[in-house]
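Quick look at what Swiss-Prot lists:
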- 39-72: repeat 'WD 1' (REPEAT)
- 82-128: repeat 'WD 2' (REPEAT)
- 131-167: repeat 'WD 3' (REPEAT)
- 231-263: repeat 'WD 5' (REPEAT)
- 278-320: repeat 'WD 6' (REPEAT)
- 328-358: repeat 'WD 7' (REPEAT)
- 380-464: repeat 'WD 8' (REPEAT)
- 513-595: repeat 'WD 9' (REPEAT)
- 604-665: repeat 'WD 10' (REPEAT)
- 788-833: repeat 'WD 12' (REPEAT)
- 838-928: repeat 'WD 13' (REPEAT)
- 867-888: region 'Disordered' (REGION)
- 942-965: repeat 'WD 14' (REPEAT)
- 975-1002: region 'Disordered' (REGION)
- 1144-1166: region 'Disordered' (REGION)
Amino acid sequence: MLKFIRGKGQQPTAERQRLQKDLFAYRKTAQHGFPHKPSALAYDPVAKLMAIGTQTGAIKVFGQPGVELYAQHTLVNNSAAELNVQLLEWVYGTGRILSLTAANQLILWEPVGTTLVPIKTLPFDGKLKKVSSLCCSLNKDLLWIGTEGGNIYQLDLKSFTIREPVIYHDVVLEQVPPTYKLNPGAIESIRQLPNSLNKLLIAYNRGLCVLWDMQTSAVERAYIAPGHGQSVGLSVNSTGTEFSWYHADGSYATWSIDNGEPPQNVNYVPYGPDPCKSINRLYKGQRGTNDVIVFSGGMPRSAYGDHNCVSVHVSDGHKVCLDFTSKVIDFFVTYKEGSDDVEVLIVLLEEELCAYDLTDPSILSIKAPYLHSVHASAVTCNYLASQVTQGVYERILRAGDEQDIDYSSIDWPITGGVLTDDSVESDEDEVVKDYEILLTGHEDGSVKFWDCTGVLLKPIYNFKTASIFGNEHEYREDGAADISAEQLDEGEPPFRKAGLFDPYSDDPRLAVKKIAFCPKTGQLVVGGTAGQIVIADFDTAAEDQSSLKYNSMNLVSDRDGFVWKGHDQLNVRANLLEDNAVPLTENGVNITGVLQVLPPASITCMALEANWGLVSGGTAHGLVLFDFKNFVPVFHRCTLNPNDLTGAGEQLSRRKSFKKSLRESFRKLRKGRSTRNNPTNQVPTTLEARPVERQIEARCTDDGLGSMVRCLLFAKTYVTNVNITSPTLWSATNASTVSVFLLHLPPAQTAATTVPPASGNVPPQASRRISAQLAKEIQLKHRAPVVGISIFDQTGSPVDQFNAGENGSPPHRLLIASEEQFKVFSLPQLKPINKYKLTANEGARIRRIHFGSFSCRISPELLQSLHSGSPTKSVRSHGEGDGAGNVSATSAAGRGDLYHEMALICLTNMGDIMVLSVPELKRQLNAAAVRREDINGISSLCFTNDGEALYMMSSSELQRIALSTSKVVQPTGIVEVEPLESEDNETASLVNDGNESDKDGEANKELANTASDTQPPVATLRAKPLELNADRSSLHLTNGISNSNSPNRANETITSSIGDITVDSVRDHLNTTTTTLCSTTTEETVGRLSVLSTQTNQATTTVNMKDIPDINIPNLMDLASKSNTTETSTSSVVIKSVITSISHEKTNGESENVTTKTTAHEESQF
């Protein structure tokens, strides 16, 4: 039975474990894109902040570009529907925000770092107390809560309790004119007059509005709008002299606050006289001398009731109805300071965020700096281009600027928050740098370029392929239809198409399946669903530009009996292929040509080598190799077997036949007898025992085609002999067949490997064509689909990531990653070196692989111990590149040497990300990154060269994660919090509770003085662990206090450490204080701690959690907040596990070294 015991193998050394912690760390950093299922919107005109709530309980706060804060509600009754954020209300100018959930729970949030922390919670019970509206006082001390029962409660924001008086609806009814005899219904809107803060405008559901005087607790004036059905809301002007009242029948009117009589246009319906839908939100302002009314809804119910519109009506007669393709959630209008002059309209839709310039009569669109809709058309593939050169990046920007000429140049109005000095300095220092560009392929045939180098995901270019295909007549008709649809008849609502979200695609064959992009030359290749490969580049200044070229390659033309039963190929427009046609250069991109692969099956993989002018594409039927410089085919190979061609045979099966299974059973019986009879065959020892492996189930016959090409790779490596590198193309299929093709390049392409071409379309000087031949073929025995191939050099760097002319340091090694295992081979012998069976050991399957670069600063002592390590590790300074013999000991400003290491990153079908060393394939990190149920997130994940990853956490959002400690991109902006007045008392109580257990008078005075001087908010005190520096080293205390103040002159060092801090432990210890035991020359083992602080030598030491190192700060964002922890005014201690090591060195001339470990457990309540 010992052979079934897993062998532990060789364990990493202590130095290696230290280095692993310095190199690898998993954390979720930033979120890009548009929030999934938004449900609420709020704007703070004082702090210039915007907040969005979602149906999943998320809250996102945005200020100036770079300021982003995230929060997440927690389950109350284990019902996800209760997480829906229904209302958001800012406490103006303080940075705090209130949220109301579907569970009728009111929560006060406060920004701490880059997160929002819930500090107060108030639940409401009963149907009559169902909250319908919120209004925060301009004095920042009260919140008025309107309910569906018609009552208004006052919430004291300092104590977060309901206080008197309550404005009951029956009290209000007693003071309104007797002509109003209805039950007023729910509170629809509450507004405080800006010129008279003791007066409230209250709008009830059934056509009643009152002006309430809070000093006298009486109705000062009543406004009755009969005949309009339900009221919806109010909008008060900046001077507090008039208000706009809008209703559910599509009407609105402007009332004077000093006059209760209805205005003359009280029956005005903008889109009447037909019955109209409700106006959901309305703002009124001015543009010069003209009044501007902005409202959502109000469409004629029968004709245009299904339109999602926001209308802008100006008193000079100009009207625009912005017609969106998704539901309008909410919107707001920004004004100039202290006036009613409108500036910007910001509309939150179900699928996107749109902004418009209201100062311009043409109401131009504004390009927002964030919250872009990644899924304007459904995303079909992702490609992440790392280390894009600045020259290529600038060319993409110039092309994108040509597309942005129709946008307004007005400044973005949301400018709240403060950017830290680090983020500002880094932007100024890095003048020349590499960029990270995310390319998303879409269902409509477009490819969008996103700059994801920093926290902001900025759209920089949109490449469209749909205009190439189709006939000319259809294309012209579509263009005419788009122009005519801009405006309808004058008698109808003046519709204008608005927004970018377009979920519909004219032709599913246009969908982009694979993308290849060269970060050094800017060459772009796009593969589609119908076997089309579009070749383009960003060099529009080339002199030899010609008309669009077209070519096709048939994979099964020489095979008899094959019948393609799928969709037809796309037709290139005939006018583009004429000899006198102008070059297809649009918006800064030159489209060179189109390659059509036949049969027109979907492109399953692509590889691009711009220096050689080659592109290779794979389908379910085989692969093609194409020379796009000369635009001629080079090579094609069909991977189908005869059974697949005729359809008579089944797909490749991994099930054993009955004859083979019976034969193996008899062999096992014979082998078992011989083993029992042979005493020399002993059971291996524990160290030699093989690990227990899961049985790999045979794949069923309905698996994917074994002929499908899964991955392609261009590499210049050692194939024929050990001394000379040769250009090669590697391919792999679903049936574990790896083929190596030797490429014969003419002199021009060979020279291009040493000198990069100036553009992607420079034709070769020689007339000799490129040729390819099959050199080697590898058949893996387990026959699992191959998901990735990579060739790396001695330092572990992939050779395909090198610049032109660099081959890497020999020897080269080949990594083949199938769904079940990794295998490393030597080159050119192709001898197995190492392997890692993931499915057998872990039960997971490999989905994606990538090589990443990891680096950190290390001490010279650690450097010496690493000199004898793996050859794939190196130590280098800032100015050195990747290569062999690149080991140096250059120290930068005394911070240590820059240690560099290449590693293999792997994503599994369980959503886990593993980091493995190469070529040893030893696991360095394993993190659960994506939920295993999130199939879309797992399939969309892509890695960068610096150990980062992006995946789609929803159909519209991207989550960024970091695996390296040296490259972490996360929001650095903060929101300054204005302290509440009542926090002085709470802070004093915190200090007093600490003084009760402290007998050192001087220390007490220092604590009290510090607290009284700073007066920090309670939430800031409670969340101080969030302000940790993840790179801080361990803190060493001498006798628990500083060296200079130590009363004990003996040379004793006490180091206190706490075990692994997890999210669960920190959740229970948000306000934990750890107490260190102080000792002199006598020690004893302490079984438990019965007091909150221990005194020795008349000195008590308290260490806050900020002194505890190695806390993963971004993981604290996922903490489930406890409402009861925010209600207490004392600081309690909870110690789970404290390990105290006391080390005695030479004392009083005696040489002695004694170590005592004390483990203490204590539990207390908050």
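Don't overthink the numbers, they just go from 1 along the chain as shown.
Using N, Cα and C of the backbone, Cβ positions are placed for all residues, glycine too.
Between the repeat 'WD 5' (231-263) and the repeat 'WD 6' (278-320), the number of CB pairs under 8 angstroms, six or more residues apart, is three or more, so the stretches are in contact.
In this chain, the repeat 'WD 3' (131-167) lies out of contact with the repeat 'WD 6' (278-320); the count of Cβ pairs under 8 Å, excluding pairs fewer than 6 apart in sequence, is fewer than 3. Sequence-remote contacts of a segment are chain residues at least 6 beyond its ends whose Cβ falls under 8 Å from one of its Cβ atoms, and for the repeat 'WD 7' (328-358) they are 34, 37-41, 43, 45, 50, 52, 237-239, 280-281, 283-287, 292, 294, 296-297, 308-310, 312, 322, 364-366, 368, 371-373, 375-376, 408, 410, 412-414, 498-501, 503, 956. Through the fold, the repeat 'WD 1' (39-72) approaches residues 30-31, 80, 83-90, 92-95, 97, 99, 101, 109, 111, 114-118, 329-332, 334-335, 346, 348, 369-371, 412-419, 423, 454-456, 971-975, 1117-1118 of its own chain, all at least 6 residues removed from its boundaries and within a Cβ separation under 8 Å. Taking every listed stretch (82-128, 380-464, 513-595, 788-833) in turn, the largest tally of C-beta pairs under 8 A with the repeat 'WD 14' (942-965) is reached by 380-464. Per-residue pLDDT, averaged over the repeat 'WD 13' (838-928), rounds to 74.
In terms of DSSP helix, strand and coil, the repeat 'WD 1' (39-72) has 0 helix, 22 strand, 12 coil.
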